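*Asks:* For reference, Swiss-Prot lists these features for the protein:
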type	residues	note
TOPO_DOM	1-19	topological domain 'Cytoplasmic'
TRANSMEM	20-40	transmembrane segment
TOPO_DOM	41-76	topological domain 'Extracellular'
TRANSMEM	77-97	transmembrane segment
TOPO_DOM	98-164	topological domain 'Cytoplasmic'
TRANSMEM	165-185	transmembrane segment
TOPO_DOM	186-205	topological domain 'Extracellular'
TRANSMEM	206-226	transmembrane segment
TOPO_DOM	227-358	topological domain 'Cytoplasmic'
REGION	319-358	region 'Disordered'
COMPBIAS	332-345	compositional bias 'Basic residues'
MOD_RES	Ser353	phosphoserine
MOD_RES	Ser357	phosphoserine
Amino acid sequence: MGDWSFLGNFLEEVHKHSTVVGKVWLTVLFIFRMLVLGTAAESSWGDEQADFRCDTIQPGCQNVCYDQAFPISHIRYWVLQIIFVSTPSLVYMGHAMHTVRMQEKRKLREAERAKEVRGSGSYEYPVAEKAELSCWEEGNGRIALQGTLLNTYVCSILIRTTMEVGFIVGQYFIYGIFLTTLHVCRRSPCPHPVNCYVSRPTEKNVFIVFMLAVAALSLLLSLAELYHLGWKKIRQRFVKPRQHMAKCQLSGPSVGIVQSCTPPPDFNQCLENGPGGKFFNPFSNNMASQQNTDNLVTEQVRGQEQTPGEGFIQVRYGQKPEVPNGVSPGHRLPHGYHSDKRRLSKASSKARSDDLSV
């Protein structure tokens, strides 16, 4: 039989871009089909036509009877089965390699464009790092199947499953399950029914049952892979939105406690929210100067009424001053002010009644 290395190299590339179940299917294909078929089964069906004997000397009768008993050899039938079953995987492998290559080119173009934007002194990827840009693996080391790549993979599984079923049914209708030792031929040019004998029927039956069992196992693996991919997509479509909604409910807008702004002890004016969300001072400089002037005049009048003989206002810390009408208690002088013994006027060194010492 021919060399399987060419097909094996292609299937090794498919192994890199397959799911876990797909890798098991490829292992079964390599070991239990190609290896067994190329080593043991071929020796059992060596020169099958030469070992086929018939009880006749009629020219051409033996060839006609062999064609009736074996329309196609089991070995060649199984080779066709492996080729047709592997073809969808090869098509998927070609699409995967094309997709990865396009992704690599796109990332390289983005890297070159970013280098042009940054300038000539930027870092350039070496060849080894450029090859790593085509990595499509997830965190657990598996290939991320999504988009058109996932659709192609599912189609390849469906086609190979159909091929598998077709070849199993075809083998049953052509040969049945077991080979019989005696085959009765009634075809022309045989003058009468001729008895023909198959060589090594028991050994061939063992290989036939084994290959049918491997084909059934491959079919079950294909169905399991379809179920795995379908269940994964259904879980991603229905479970993840529910988890997202639950997270949104848990992390909803929290109602905070609005706390008022408390000014420092010597700070008599609080900032208020102005239009546009900005802070502004509700009192202008002119208003503050006018209020301070009014407070000073009021304190001067009170000092003259309490101590008519003195020209200074004495502020005692232990005594709480009365607040005149119309003056806000929040704008009175703080308790940190004290009397000053310095001269109050540059024009005269004598203290006058209108001088104010704070």
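Cβ coordinates are placed from backbone N, Cα and C, and glycine is handled just like the others.
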*Asks:* Report the listed stretch (20-40, 77-97, 165-185) having the maximum count of Cβ pairs within less than 8 Å of the transmembrane segment (206-226).
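*Replies:* When the Cβ pairs under 8 Å are tallied, 20-40 comes out ahead.
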*Asks:* For the topological domain 'Extracellular' (41-76), find every same-chain residue at least 6 residues outside the stretch whose CB is under 8 Å from a CB in it, and list them.
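*Replies:* Non-local partners: 1, 174-175, 183, 185, 187-191, 194-200, 203-204, 207-208, 211.
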*Asks:* Take every residue in the topological domain 'Cytoplasmic' (98-164), average their pLDDT values, and give the whole-number result.
*Replies:* 69
*Asks:* What does DSSP give as the helix, strand and coil breakdown of the topological domain 'Extracellular' (41-76)?
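*Replies:* Helix/strand/coil tally for the topological domain 'Extracellular' (41-76): 16 helix, 2 strand, 18 coil.
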*Asks:* Under the DSSP assignment, what numbers of helix, strand and coil residues are found in the topological domain 'Extracellular' (186-205)?
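*Replies:* Split into helix, strand and coil, the topological domain 'Extracellular' (186-205) gives 5 helix, 4 strand, 11 coil.
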*Asks:* With Cβ-Cβ distances below 8 Å as the criterion, list the same-chain residues six or more beyond the ends of the topological domain 'Extracellular' (186-205) that contact it, or say none.
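*Replies:* Result: 44-45, 48, 51-56, 58-62, 64-66, 68-69, 74, 178-180.
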